[in-house]
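A.B. asks: First, the structure itself, so that you have it in front of you.
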Amino acid sequence: MDRKQSQTQHTATTLFSLSGRITETMSHSRAAAVCLGLLCVLLLARITGLCLYYNGVLGSYEKNCKTNSTAERDQLQSSNNRYFSCSLYHISKGTKLWTESRQDCLRRGADLVIINSREEQVFIHELIDKGFWIGLTDRDEEGIWKFVNGTPLTTVYWMRGEPHSYQGKDEDCVEQWTSFSNPEDSWCDTQCSELRLEVCEKVAYP
């Protein structure tokens, strides 16, 4: 075999070897792509299943809440108790400090009202025509307003210029005014040592 034939044979062998490696690499890539596709399908199925489950649970809860509320509303509702959604609200007859108001709510198995939606804000705004404490404070950290259950503040209904710590006073508690405001701007920060009515909120049908 002359030198030229030897080089040709060597080149052919090299090309055949490279072709085999490329084929093997492509085979591995296809397998990886198939596995990844299967994982995506399984993950999507899992997420869909969880969404359906939680939607079912939420729907069942809301249906049960409405059914129970309708059946027992007349028995429990009074001049000092009101219903909204799945919560029972108690309106105090006398005024207290913010801390005293919260303690009174806790003794009732409730807490100072926590605003979770605009609809709830409108509802409590129409409960009484005087200022009352709500469960919002920045006592733990100045300027960081949180509800008493630890929920951070996302939607606000401050009156114009509020919160402002009037005349440098330490105003760490929040009251809601109803007599000369609308639901969209009725919160006012004030000193926790002031006397106000209280509105307690308790989930009626957990």
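We number each residue from 1, going along the chain as drawn.
Cβ atoms are placed via backbone N, Cα and C, with glycine included.
Because the structure is a prediction, the values reported are computed rather than measured.
Positions annotated as domain 'C-type lectin' by TrEMBL: 84-201. What TrEMBL lists as transmembrane segment is 31-55.
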A.B. asks: For the domain 'C-type lectin' (84-201), give the DSSP counts of helix residues, strand residues and coil residues.
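C.D. replies: Secondary-structure composition of the domain 'C-type lectin' (84-201): 24 helix, 33 strand, 61 coil.
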A.B. asks: Within the domain 'C-type lectin' (84-201) only, compute the mean pLDDT.
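C.D. replies: That stretch averages a pLDDT of 92.
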